[in-house]
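TrEMBL has this to say about the protein:
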ACT_SITE  B:197  active site, nucleophile
BINDING   B:160, B:186, B:197, B:283, B:405, B:410  substrate binding site
């Protein structure tokens, strides 16, 4: 069971990145799969890093996911993650799987590693054969180094329709040793003209066995990455990978370790920060929407209701139109599958109480409208039936979302 | 079990309406709840009509739904349905429930009926008190008559953001008697600036007991009204009511009656026709999208997958952008919860085959684009794992959807 920790144990590292934890280097280069921007990147660990991953729940999964699963299954250790953007290697049949294996094999050769210590992943167009000549030549030119600029290069190499880079870094303490946790992510629409996917890569110098790292990642993912929605679509390539170098030299972490909660809190902060950055950078978005549901039967139901509300096109357009339209919030709540009492619902839009015990509150439309102009909008719902609470994140639905996604693929 | 019937047993009645079946009259007037358009209507049956209804699955249900449920529960017979638009009487607490009862009581008095033979329903703004003075005065002025113009008046009186009227009428034969089934519906977005709801009203002169009518309606609703999606939202006021006058003088219908299938087919055609008209009139829509899934494990799973595909914002924007983006179709299929084999999926966009056995087919983008310019777009998916099939309907997602729904309530 992952417990939330007190805020004091975790501090944000300004200017931090995936290369803040000891033991990691990275690279990002342009191989001409994409027209202009960098499109091939790698994260390398000096030592075999304990690794864990979570994958898309879509039944259609891209070839590299299968290859990465095989790598991690071997001994739970990775030394390299190699990622390309511009082609998702999804719906590419037998050839696609061979290409993913080739990408792994050539990466292993380049960095002098056993194949099973290499993870590969791809994001971009679905249903087109991988341009393996460019990928293979690119792999030969990857020269990972340390420093924030290399983390930036890697970030650029994994972007598709993303407008902004998405870094996060937090510090915590385990056995009185400073432990860093850094992350980088991409994702804005789930599949823009077939350009897919949410990807997250997290590094840490904590010492931890793969199985415990997987436990922490799986539980945290359910409360962070799985609580964001841009358009309700789930791609064939979604993946989050964590690598732990152990260079912080703490005693290996496990759920009974006295600093387990501090580590989990740091990892959760990192994943939550990346999740919010993804939501804010949603295709065409002008605002981050955070929905918090309290007083639910369970934390899980609270999170589920929050996600249903933040995923409603009608709530999203109301926020875009700076309309404190609580009616759409209660309607979305009503069709979520969580337990509720129709007579006890409170809804606030930022500081503005709009519904109390399911009865409309007279509020200042001007004050609500002014609040909705801000770039982060918080909607709070209290069901008053239990003590469960949870959050979810999304963004407003705008003309630009339609423009971006109605654009012709080619 | 409702079985589909052969097409020959059912014919469409051109210019038909809810007043084509014998025994019905209707009215629609302006009471000033809405600024200009008619906003109060009634359908009256000369005799107590066997009645059945289905209601929203939203946990938050508007007051009139409760009152109508009580009416029908009493003896399964209705003589009047009274509907207002402009105010949904939803999230209006105890006062709202009293207002719904008052609306029923005054309607019963006006038409000289027992209260339990009157159904009431409302559509419009959520969370505002019903303007009962206008409603009560309006009820006194309702003068139902026969003829298509009165059906038009009624249709106008139930509209909110609807652009087009939505009538349907089919004829079938039971015991060699002509039986008419007429319908009218409203609904374009599930809740436009708090203007809610899909409503459907169906009349027939078939003789049938309420329980059998309910069986037929419930099964048909699952394959028609429940298979349309504009924006995934389900309102607090959704309702479909069927009234059967018995004036066709057939032997009462029941599932073992030799013409049961003919009647069910007629009712299904009526409901499907209304469903497609609602989808086509979706807020901001320029096109009707019909998704047909074949080769699924069951009919139910086929329908579920079809609805997931037609509800995907990415599929909807692709259709708007005339992009034969099969990648978005397979992605939506992959996250629907139906059984599938990732290697055996076929996808066609109209006549254009785009994916065969999960492998991209080289197709003419020009041909596909030309097809996607039409005002009805059919997407066909074959899973090749069973014999289940099902359809769902929706519309494209356009700039106008965002404009309409980002508009301020007041």
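Heads up, the Cβ atoms here are built off N, Cα and C, so glycines get one too.
Those TrEMBL annotations? Automatic predictions, nothing curated.
Checking the recorded positions B:160, B:186, B:197, B:283, B:405 against chain A with a Cβ-Cβ cut-off of under 8 Å leaves B:405. Cα-Cα distance from residue B:405 (substrate binding site) to the residue listed as 'active site, nucleophile': 14 Å (rounded to the nearest whole number). Between the C-alpha atoms of residue B:186 (substrate binding site) and the residue listed as 'active site, nucleophile', the distance comes to 8 Å. Between the CA atoms of residue B:160 (substrate binding site) and residue B:197 (active site, nucleophile) there is a gap of 9 Å. For residue B:197 (active site, nucleophile) paired with residue B:283 (substrate binding site), the C-alpha to C-alpha distance reads 12 Å. Cβ neighbours within 10 Å of residue B:160 (substrate binding site), excluding its own Cβ and spanning all shown chains: 25.
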